[in-house]
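A short write-up of the structure that comes next.
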């Protein structure tokens with residue numbers, strides 16, 4: 001902040017986050033420290049490079065005015081990111097009721113006897129803000145847990161181990177309800193298999209008996225085969 005008697009200027013260094021082929025703006029705040037109207041004018045050593053709005057105006061008593069300085073898009077970066085451009089802010093006490101359109105260049109003429117207060121401003125380039133780096137969560141797909149072993153052949157780091165453990169998902173089959181359902185279906189399947197084996201043995205016995213006697217056996221054989229088909233169909237639906 002300046003130590004001027006008329007206008008306090010903030011900041012004294014115009015900082016531009018330099019980027020190629022991009023317009024960059026910086027705000028300048030002028031505060032009137034007096035009970036009078038103060039007219040101001042902004043000059044620069046490189047007027048083609050900067051656009052100042054407003055470049056002239058009036059700051060009311062005990063109030064603040066914002067001036068926007070815009071640097072035009074640059075095609076080349078300066079060497080060592082150093083800028084030699086300068087700005088000069090001129091302030092002078094104005095008559096009560098004066099407006100911005102009443103400000104003339106003659107009001108800032110020292111030769112005409114006006115008391116002109118001047119504040120010099122410099123321009124500096126700063127690095128543009130960097131976007132945050134993306135955070136990769138979890139291990140890469142298809143990678144082996146052995147990839148997290150340290151270079152000296154020791155154990156994997158605590159961070160790598162915790163990350164691997166967090167990515168491991170508990171299978172749904174390990175829930176109590178799922179385990180009970182699997183156990184029940186397994187028991188029913190075993191019972192059906194035992195029943196099927198028993199029926200097959202009885203069928204073999206009937207086949208052997210049919211060779212010795214032909215009365216009533218064909219009908220029993222057909223009924224038994226149909227029963228086996230129904231039981232097998234039931235087993236397939238349940239499993």
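Glycine too: its Cβ is placed from the backbone N, Cα and C atoms.
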Task: Annotated stretch (region 'Disordered', per TrEMBL) among the listed ranges 97-125, 126-154, 155-183 - done: 126-154
TODO: Sort the residues of the domain 'MSP' (6-126) into helix, strand and coil with DSSP and give the three counts.
DONE: 10 helix, 63 strand, 48 coil
